[in-house]
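Participant: Among the features that TrEMBL reports, transmembrane segment is placed at 7-24, 44-66, 73-91, 103-124, 144-166, 172-193.
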Amino acid sequence: MTFRKSSFFSLGIIVLTLGISLTILSNSGTSPYDALLVGSFRTIGLTVGSWEIIIALLMIFLNAAASRTRPEYLALLTALITGAGIDFWLFTLEGWLKPVTYFSQFSLLALGMVFIGIGTSLYLQAEFAPIPLDRLMLILQKQAGWTIAVSRLVISVVILLLAFLLHGPIGIGTILTAFFNGTILSFFMPYAIRLYQT
């Protein structure tokens, strides 16, 4: 990986994990994917981190089958780095970021969603083993001819239904991230592409 690619990857993951942490700290409901992890933990057992690895592995094989390519095992490394980044930001911020009003909760949620869009658009430019969820989004975009926003929405709705069945923590933030994260990502992608190409 070149210095430019590693810089975009690193900066993107830092911003992405900050955004995820802000949405969690908003206390407005986790993203559909995080709700699925917590729901799996509550219903079946193990730990939330264990489910992140298990589901990432399953999605790696699903993506390989859908794209008719070899499994992208490095994506597991990206998922592990992302998990560590989320833990770091939560540990750093949770002591002093405690929104109590609806306005402060919504503001934190909205800021987190914007950071998720910026971070994802940046780290995808490195083309280094995207998080399995993002790889599936790119596969759907290419094979189904959907936009990034539609691909992300379809995935989010399916995961949201699974999270609901497994009693995951679903709130207004879950619904908003499911329906708007793809649109936010679509907005920032052209800017990230131009920035990478300059």
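Each Cβ is built from the backbone N, Cα and C atoms, and glycine gets one as well.
Predicted automatically and left uncurated, TrEMBL annotations should be read as such.
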Participant: What stretch, picked from 7-24, 44-66, 172-193, has the most CB pairs under 8 A with the transmembrane segment (73-91)?
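Facilitator: So the stretch in question is 7-24.
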Participant: What parts of the chain pack near the transmembrane segment (103-124), using Cβ distances under 8 Å and only residues at least 6 beyond its ends?
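Facilitator: Cβ under 8 Å, 6 or more out: 8-9, 11-28, 97, 130, 134, 138, 173, 176-177, 180-181, 184-185, 187-189, 191-192, 195.
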